Each structure stands twice: as C-alpha cells, then as structure tokens.
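*Asks:* I am attaching a structure below and will ask some questions about it afterwards.
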Amino acid sequence: MNSNNPYYRRIDLPAGDLHVFAHDDLYHAMGAKVLEMANNNLQIPNIRYMSYTPDAHVGVGTCIGTTAVWGAEDGFVSPSIVGSDIGCGMRLHLTNLHVDELQEVKLRRKLVKAIEKRIPVENHARGYFSDIRLEDVLRKGLHGLPGKYVPDSYTPRKATSLTHVECSRFRYDESVLDRIPMPVWHRAHRQLGTLGNGNHFIEIQAISVNEDNRHIAERWGLQDGQVAVMVHSGSRSWGGAVNQHCGSEVAKTMSKLGLGTSDPKLVYAPLDSEAGQTYSNLMYSALNFAVANRHLMAFAVRDAFKETFGSQAETRTLYDLMHNYACEENHGEESFLVHRKGTTRALPAGHAGNPQPYAETGHPALIPGSMGTSSYLMVGSSEGARNYHSICHGAGRIRSRNATKQLVTVDEFASSLRIGQEDEIVVNHRGLESLIDESPQAYKDVDQIIESVVEARLATVVAKCRPLAAVKGV
DNA sequence: ATGTCC
C-alpha cells in the first residue's frame, strides 16, 4: 500500500484515497480531525484526486493545505474548499539594494515608518488609492489600474503573465458583479491598498541563493545579499462577500439536486450549473482584486524605498501567485478543475502553464515562513506532476491563536525577533502583545515543511529569504 | 480572514 518513502503515504479512507506528502512525524502530528475533513471532501461527487501538503491543518470545512481535483468536464466547484480569503497569495519584488545598505537599525525603522505612512494597517483604515475604479479592478485586475501605478520598470504592462491569475483568465460575464450589495462595493473600494490582519504581512528580506539551483537563481535575477519585498495578502472583504453570497446560492442548488456530504457546511455545485458559473465568475473578480491589491501595496513600498534610500532605489516584480482558488488547468493531455486551499502551484521547467519569462526554468513558487523565520523561493520538479504540481504554502499553524497567547510571553516573542539587538527584525508595532498569536511558536518549523516538500520530490529550493523588517496589521 | 455585534 504505502511506499517506503517516509515523506509520502496514501490513506485509504471510506470515501476515497487521500495522498499525504509529509514526513511521518509531521503526518502523525496532524491529528485525526484532518482525516475526517478529507473524508467529507472526498464525498463530493466525481472527485479525482485529493492530497495534503506537510503544512496541512484544520480549517473551516476543508483543511488548509488541500489540493482537490476534478475533471473539467464533470467537475464540481466548492466555495467551502476555496474559503473566504479568495485569491490570498504572495508577491515578491526584487530591489537594487544590498542588505549591507540596511545594516543600521535606524534605517530599517525609517523604512518601516515610510511604508506605514502609505499602507494603513489599522482595522477600518481607508486605503490611499481612491482614484482607482473598483469595477475596473474587479473586471480586469492589473489592466484596470491607471497607467501611473504600472510603471514599466516595476511590472512591464506587457508582462502581465508575472501574475498567474491573469495568465489563466481574467475576463468573464460582468453582470454577476451586480449580485454583490452596494455597501460591500463601498467597503472594498476604500480597502484598496490596505493589508488586512492575521497572517498577512509585508516583509523586507535578504536573499541567499541555494548553490544547487544557482543557474535558475541567475535566470530569475536573484543575487546573494539582494534585498527583496514580500507581500502576503488577499481579497480583503470582497472575497468574503463573494463566498457568503455564493455559499447560499450553491446550497440551494445542492438541495435541488439532492446532494450533500456528512458536513452540512461543505457546499459545492456542478461547475456548469448556474450557481457554479456565478461562483466561478465572482471568484475571478476576487482574484483580480487580490492581485491588484498586492500590486498597489508593493507600489507603495517602492515609493517608501525611494523616500528612504533615494530616487535611484527601484523594485521590480519577480512574481505574484495565489494559494486560495479554483482554476481550470491542463496536466498532460487533460483539462482539470484544480482547487488549491493553502497550497501553491509550482510548475517545473518546460511545463506549458508557465508564464513566458519562466518557460525554461519553471516559475518561482513563493513560500512564506512565520514571523521572524525565513521564507523560501522554490521551483517545481517534473515528479511534482503526481500532485498536480501543488506544494505547501507556508509553515502551517500548530496551535490556535488563543492557545498561542496563553503559551508565549511578550519577552519570548521579542527575543525570537531579536528585538534590541543589532540585527533586530524591525516590526511596525512597538507593543508586540497584539501580535503574539503570529509568533513562530504558533507555527510548524518551516524548514521541516520545506524538507518534506523537497524529499517528496515535489520541488527544490532556489533561494532562502531572511527577514529584516516586517509590517503587520492588527 | 473579516466585519459586526454584544
């Protein structure tokens, strides 16, 4: 049944097979609840494949770390699998600065202040991009932004494939947008350019290249000691509103068709049903919002760099990709509907789904660590095809926010960020209490997660990104 | 993750 590889197992659940790509120890730490959830998901008709990455943990209805696949012809789409933070994902920008130029704590503080000035992180804050039409963003993503926000040095207008949303699809039946109530429109409009809270962040990092993949790093333009900007955010309240509206529509379709699983909260509809199409289209509007929002925040960070280090400071887009969505993809000769909930696509060199600039190397897969720990730039391997080229999306939570607050003291958290030392990771909040639930102890060890992904032969490491400063919402 | 309501 199971192979001898300690990094992979197939689990024979009552409703079907679950594939787990994780070291035995990580698998055993996941607990029984994740198997129950997998079994519920596997009860959805026509499902072809389901797997967990090593960072899998319990979510609402579906585990974070799930890849669930249907055939495109007889597929079911599930708002419960995608979740409410539709389009949540990562963006990485490369700067022309070296880490030595940020050596002084004072300078990192100045940079963080300059970022804070441009990107509100408070709960009900208004973003600074009110001159942008929300409808244009929802319909066209980056193409809906005024030209001044898309300078060629930053993301060439023609290289929209640097965001994998637009690489797949961004035009759809626009009449569905009218289904979302006006108050939600207004809220989403004022949220353009805001970070959100929870695990979302903007981080300044220093790159170190993995020797084994130096040839790929060079093709991507990465250098040792290079300063990078990583943005982790989603579709703010727009995605939640889409999830809520479609959730009830999809549930109605289910009762009409007499469908259901052991979990009444797990909703899904045939992709070609009206409810399925409405969801699919509105989901794309949320993907467009999310990618444009990350772009705008990275644009604001670019401005903050110029203010802090002079006008010659520049940042350019390496890549933007999501880990919460459902999308039609070609694998081999066939077309599939792939759901990724807290998993990252990592295509290998030569795969036709790669955006043009990365056709020969595979595209960068951006994997964040927890606060204070390194993030990774990965590239997919051809063996990753067995998992539809899905890898982990981060460290993965091991304890709840409340449990973390009980366990970790402010002092312990501060020392994990080396606060007060020369190499302190500068955080925008002076009081760290409100961020304790994001401390490294709330998460698995990202190095172990990456080891599992590498040993399961799904992807390899191209570079590691060490945090220098972080901006978080509360 | 989010906004809202007690």
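Cβ atoms here come from the backbone N, Cα and C positions, even for glycine.
The following feature annotations were taken from TrEMBL:
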ACT_SITE  A:His393  active site, GMP-histidine intermediate
BINDING   A:Asp85, A:His200  Mn(2+) 1 binding site
BINDING   A:199-203, A:323-324, A:368-371, A:Ser375, A:393-396, A:Lys472  GMP binding site
BINDING   A:His232, A:His323  Mn(2+) 2 binding site
*Asks:* For A:Asn324 (GMP binding site), just count the other CB atoms lying within 10 A of its CB, please.
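*Replies:* A:Asn324 (GMP binding site): 27 neighbouring Cβ atoms within 10 Å.
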*Asks:* Near A:His232 (Mn(2+) 2 binding site), meaning Cα within 10 Å, which of A:Asp85, A:Ile202, A:Asn324, A:Ser370, A:His393, A:Gly396 (recorded positions)?
*Replies:* A:Ile202
*Asks:* Count the other Cβ atoms sitting within 10 Å of the Cβ of A:Asn199 (GMP binding site), across every protein chain shown.
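*Replies:* There are 22 of them.
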*Asks:* Can you count the other CB atoms that lie within 10 A of the CB of A:Asp85 (Mn(2+) 1 binding site)?
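*Replies:* Within a 10 Å radius of the Cβ of A:Asp85 (Mn(2+) 1 binding site) lie 25 other Cβ atoms.
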*Asks:* For a quick check of packing: other C-beta atoms within 10 Å of the C-beta of A:His323 (Mn(2+) 2 binding site), how many?
*Replies:* 29
*Asks:* Reduced to three states, what secondary structure does DSSP give A:Ile202 (GMP binding site)?
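*Replies:* Strand, per DSSP.
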*Asks:* Given a 10 Å Cβ-Cβ cut-off, pick out the one of the recorded positions A:His200, A:His232, A:His393 that has the most other Cβ atoms nearby.
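*Replies:* Result of the Cβ crowding comparison: A:His393.
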*Asks:* Measure from the CA atom of A:Asp85 (Mn(2+) 1 binding site) to the CA atom of A:Asn199 (GMP binding site) and give the result in Å, rounded to a whole number.
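*Replies:* If we compare the Cα positions of A:Asn199 (GMP binding site) and A:Asp85 (Mn(2+) 1 binding site), the gap is 12 Å.
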*Asks:* Using C-alpha atoms, which one of the recorded positions A:Asp85, A:Ile202, A:Ser370, A:His393, A:Gly396 comes nearest to A:His323 (Mn(2+) 2 binding site)?
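*Replies:* Given the candidates A:Asp85, A:Ile202, A:Ser370, A:His393, A:Gly396, the nearest one is A:His393.
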